[in-house]
Amino acid sequence: MKGIHFLLSLTVLALAAFIASASDPSPLQDFCVAVDEPHKALVFVNGKFCKDPKLAKAEDFFFSGLNVPRDTHNPVGSNVTQLNVDKIPGLNTLGISLARIDYAPYGQNPPHTHPRGSEILVVAKGTLYVGFVSSNQDGNRLFTKVLKEGDVFVFPIGLIHFQFNPTHAPAVAFAGLSSQNAGTITIANSVFGSNPAINPHVLAKAFQVDKNVIDQLQKQFWYGNDN
């Protein structure tokens, strides 16, 4: 009987180890600079072709201008500047990226999720009201905090979260993400602005509102603040 328990324990540990390593394996090389031209590629990793390491240069790991304020004159009052693998090719396989978020007075980064990465956010200027909602299994609990300059908040991978500037002064934050391309799903844009549109009867039933309300929402232009 002890032998069976031992084997079961080993099986569970092996399965847990497999699950833990399957989500974000560490790179087995120093770097893999992304390249768009397949004929220049050495190998294909994480959705990008890798440049021959001998051809890598400092510019592959460099970006300039993150200190420049972005335009927040848009319907949501925010502008997200993403520095992912598409902007810095040297991020390929490294599992990290960065973003600058500018907020107009009373602007927001609307409820959204990052399907491939957790986020850690630091306020560089101003005040932000931030929060995330836990999963259905956890009862959809809301976790919120008002952040001042220098404060830090973490948004777990995949959970709906938001930031709102509750003051009449602009705000700026920087966010690190645990993926070279964490992805963004803005809830309102995805649900009401999908292409093609979701059947309005489905959404009326899901949100328990009249279909006319859904029709009106689907006719709106849903602005995306990612750049």
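For all residues, glycine too, the Cβ spot is worked out from N, Cα and C.
Just so you know, TrEMBL annotations never went through curation; they're auto-generated.
Over in TrEMBL, the protein carries these features:
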- Asn109, His114, Glu119: oxalate binding site (BINDING)
- His112, His114, Glu119, His161: Mn(2+) binding site (BINDING)
- Cys32-Cys50: disulfide bond (DISULFID)
- 64-215: domain 'Cupin type-1' (DOMAIN)
- 1-22: signal peptide (SIGNAL)
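Residues Thr113, Phe132, Phe155, Leu159, Ile160, Ala182, Thr184 surround the recorded Mn(2+) site, their Cβ atoms falling within 8 Å of the Cβ centroid of His112, His114, Glu119, His161, which are themselves excluded.
Nearest to His112 (Mn(2+) binding site) in space, judged by Cα atoms and limited to the recorded positions Cys32, Cys50, Glu119, is Glu119. For His161 (Mn(2+) binding site), the same-chain residues 6+ apart in sequence whose C-beta sits under 8 angstroms from its C-beta are Pro111, His112, Thr113, Glu119, Val130, Gly131, Phe132, Val133, Phe155. The record gives Asn109, His114, Glu119 for oxalate. Within 8 Å of the mean position of their Cβ atoms, the other Cβ atoms in that chain belong to Ala99, His112, Thr113, Leu121, Phe155, His161, Ala175, Leu177, Ala182, Thr184. Summarised as a single figure, the pLDDT of the domain 'Cupin type-1' (64-215) averages 96. Every protein chain considered, the tally of other Cβ atoms within 10 Å of the Cβ of Asn109 (oxalate binding site) stands at 28. There are 22 other CB atoms within 10 A of the CB of Glu119 (oxalate binding site), with all protein chains counted.
When the alpha carbons of Cys50 (disulfide bond) and Asn109 (oxalate binding site) are compared, the span between them is 33 angstrom. Counted over every protein chain shown, other Cβ atoms within 10 Å are most numerous around Cys32 among the disulfide-bonded residues Cys32, Cys50. Around His114 (oxalate binding site), taking its Cβ as the centre, 24 other Cβ atoms fall within 10 Å, counting all chains.
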